[in-house]
Amino acid sequence: MADQSGNAAPPPVRRRSSANYRAYATEPHAKKKSKISASRKLQLKTLMLQIAKQELEREAVERRGEKGRALSTRCQPLELAGLGFEELQDLCRQLHARVDKVDEERYDVEAKVTKNITEIADLNQKIFDLRGKFKRPTLRRVRISADAMMQALLGTRAKETLDLRAHLKQVKKEDTEKENREVGDWRKNIDALSGMEGRKKKFEG
């Protein structure tokens with residue numbers, strides 16, 4: 001159907017059915033070609049692995065060198081040639097004193113590290129408290145009535161504004177018993193109205 005300007009109206013857009021959409025989603029589509037070829041990617045990965053391996057080897061060599069230098073400065077070789085018995089005893093006493101000193105230093109360092117760890121934990125806890133990220137306690141489920149809930153929400157106005165029982169229809173027990181007495185036995189009422197009550201007594205007698 002053409003509009004007033006003479007141009008043809010575009011065809012209505014047809015919605016894909018579920019089967020067609022499923023087929024369209026599962027069928028293979030042409031993938032975009034990447035700018036780097038597969039062989040180039042493999043070459044780059046291999047080069048990166050080689051560089052990482054060289055860096056690890058260099059770090060290991062540096063660690064071994066630092067360890068050797070530290071041991072050479074702290075553990076000097078002993079000169080035991082030409083020493084007598086008393087001199088050897090003096091050397092042993094010196095070595096024991098040095099060991100005791102190193103143990104004291106190690107103990108002091110461990111105490112400082114423990115103190116720093118405790119202070120860091122306290123500071124982190126203070127930060128969490130300031131941000132409000134404290135551990136919430138587990139809440140217990142408490143049963144509460146509707147009146148208590150409304151009173152907690154509205155305060156003293158709860159009883160004045162909302163009285164849920166006042167809108168309910170009240171049925172008295174006396175009214176129900178009165179209705180039952182008025183209805184009685186429906187068969188007797190029908191016999192009395194139709195005049196069949198006397199004839200029924202003759203047949204029964």
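Every residue, even glycine, has its Cβ placed from backbone N, Cα and C.
Copied over from Swiss-Prot:
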- 1-38: region 'Disordered' (REGION)
- A2: N-acetylalanine (MOD_RES)
- S5: phosphoserine (MOD_RES)
- S18: phosphoserine (MOD_RES)
- Y21: phosphotyrosine (MOD_RES)
- T26: phosphothreonine (MOD_RES)
- 27-74: region 'Involved in binding TNC' (REGION)
- S39: phosphoserine (MOD_RES)
- S72: phosphoserine (MOD_RES)
- T73: phosphothreonine (MOD_RES)
- C75: site 'Involved in TNI-TNT interactions' (SITE)
- C92: site 'Involved in TNI-TNT interactions' (SITE)
- 124-145: region 'Involved in binding TNC and actin' (REGION)
- T138: phosphothreonine (MOD_RES)
- S145: phosphoserine (MOD_RES)
- T176: phosphothreonine (MOD_RES)
- S194: phosphoserine (MOD_RES)
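Structure with Swiss-Prot features highlighted.
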| residue | record | DSSP class |
| --- | --- | --- |
| S39 | phosphoserine | helix |
| S72 | phosphoserine | helix |
| C92 | site 'Involved in TNI-TNT interactions' | helix |
| T138 | phosphothreonine | coil |
| S145 | phosphoserine | coil |
Residue from S39, S72, T73, C75, S145 whose C-alpha is spatially nearest that of T138 (phosphothreonine), among the recorded positions: S145
Minimum Cα separation from S145 (phosphoserine), reported as the residue among recorded positions S39, S72, T73, C75, C92 that achieves it: S39
Alpha-carbon spacing, C75 (site 'Involved in TNI-TNT interactions') to S39 (phosphoserine), which is rounded to whole Å: 54
Inter-residue Cα distance where the pair is C92 (site 'Involved in TNI-TNT interactions') and S72 (phosphoserine), in Å: 20
Cβ packing number for C92 (site 'Involved in TNI-TNT interactions'), 10 Å threshold: 10
Local Cβ density at T138 (phosphothreonine) - other Cβ atoms counted within 10 Å: 5
Rounded Cα-Cα span from T73 (phosphothreonine) to C92 (site 'Involved in TNI-TNT interactions'), Å: 19
Whole-number Å value for how far S39 (phosphoserine) lies from T73 (phosphothreonine) (Cα to Cα): 52
